[in-house]
């Protein structure tokens, strides 16, 4: 990026002067949607523009500040939830099970890393899914691919793209987040009563016992604090739980992007001031007209979620999704995989974060257990040379997907942990920080991933294979993985 472009980026905050929520429409786009009734699309997006924000700018900046702590190794990021969230998951039982699982996992990770955990749910908006083909075969019949509830339904008779689902997605997201907020405010996350985060479907006595030991250790510490009068109860009765989804359907994201006054908790490091230009005639300083001294008072916020990421299929530097992402104030994620070149990676960082703000960008690596040793060190070194301080997050799920002999898509627990353990080791060897994990999981006792202490085999997958897209860790496997990560952080052996 030359000096003129860099100065222009600085003067206009996180976006260039030619950016708008709709400027992505001038670019080529992957995973595009062909609506048959554009008038119906316009009615839906017009409705979305009139609806109130789902999240606030204050919440968004609270997360950005927390992610800055993660980037500097002062906190750990846990992000998890469904691969493809369905409208039907908007019910109290399904929401409670995922929230409690994330709380349980974060408690284990706090014990392991001895640092705060930032919690982001793949929830309240993860309704769009990229697909490798517009058509798929179901029960021997060709039909349009299921692309997520925001576009079409999974039943064969609901595969037509329906613009009304854009508005339905908003209301299901808002209802989900409303219930999450109410539960957190009502004490579901109160550390004084952590055993109320019951282990649900987990019947394994050893796992129950290990979790109970951690809970008892924390409870004993809390009793001591209360005894000596140091129990700051208000800080222990609730936690922050932020929402996230892949920013795939740009018509929806554009309609929920608002220009808002910056909140009081906004904290952006001042960009370095350029050296003054000197007049060759007088030797005096010249004013650089490309730099403005006016403080920013407003910015563009995506109010559909606190955190959005751009996927492996849509992160081309000169395409529509990066064009949209470069202009919003939200913290953003970028999936990084085997096809990500070092030149593309450094270019992406300069485009979406020209001021190199800490906590703005999370790089979500997803290589596969056989490729992480080769690729991750190169990407760490290339980012280090740019001067960007990012959150490094490991997604050990997507690079380890396979199909059984009968054609069922699954993932191996051993492969998932292998990539995660390798990422922890490589970051340490490279003098870097693995800041978090990104997992597809559910609070239900599904059988979608093989392995773990349950010893699930390929032939067991049909027992409760309920995903509508990619396989998820069940509650037991997810908590097991948290224990393994915690054990690695503490430098102890943790058997499953």
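Counting begins at 1 with the first residue displayed.
Glycine is treated like the rest: Cβ placed from N, Cα and C.
Positions annotated as region 'Disordered' by TrEMBL: 1-22 (among others).
Sequence annotations record features per position, and here TrEMBL assigns compositional bias 'Polar residues' to 9-22.
Residue 83 (Mn(2+) binding site): 20 other CB atoms within 10 A of its CB, across all protein chains. The Mn(2+) binding site feature in TrEMBL is assigned to 83, 398, 440, 470.
Residue 366 (phosphoenolpyruvate binding site) has a Cβ environment of 24 other Cβ atoms inside 10 Å. Residues or ranges marked as phosphoenolpyruvate binding site by TrEMBL: 122, 335, 366.
Residues annotated as region 'Disordered' in TrEMBL: 261-287 (among others).
Surrounding the centroid of the Cβ atoms of 83, 398, 440, 470, where the record places Mn(2+), the chain contributes additional residues within 8 Å, namely 397, 401, 469, 471, 472. Apart from 122, 335, 366, the residues listed for phosphoenolpyruvate, the same chain places the Cβ atoms of 246, 309, 311, 312, 333, 364, 395, 397, 398, 438 within 8 Å of the centroid of those Cβ atoms. Comparing CA positions across the binding-site residues 83, 398, 440, 470, the one lying closest to residue 335 (phosphoenolpyruvate binding site) turns out to be 398. For residue 470 (Mn(2+) binding site), applying a Cβ distance below 8 Å and a minimum sequence separation of six or more within one chain yields 83, 84, 397, 398, 401, 409, 411, 440. Each of the binding-site residues 335, 440 was scored by other CB atoms within 10 A of its CB, and the lowest score goes to 335.
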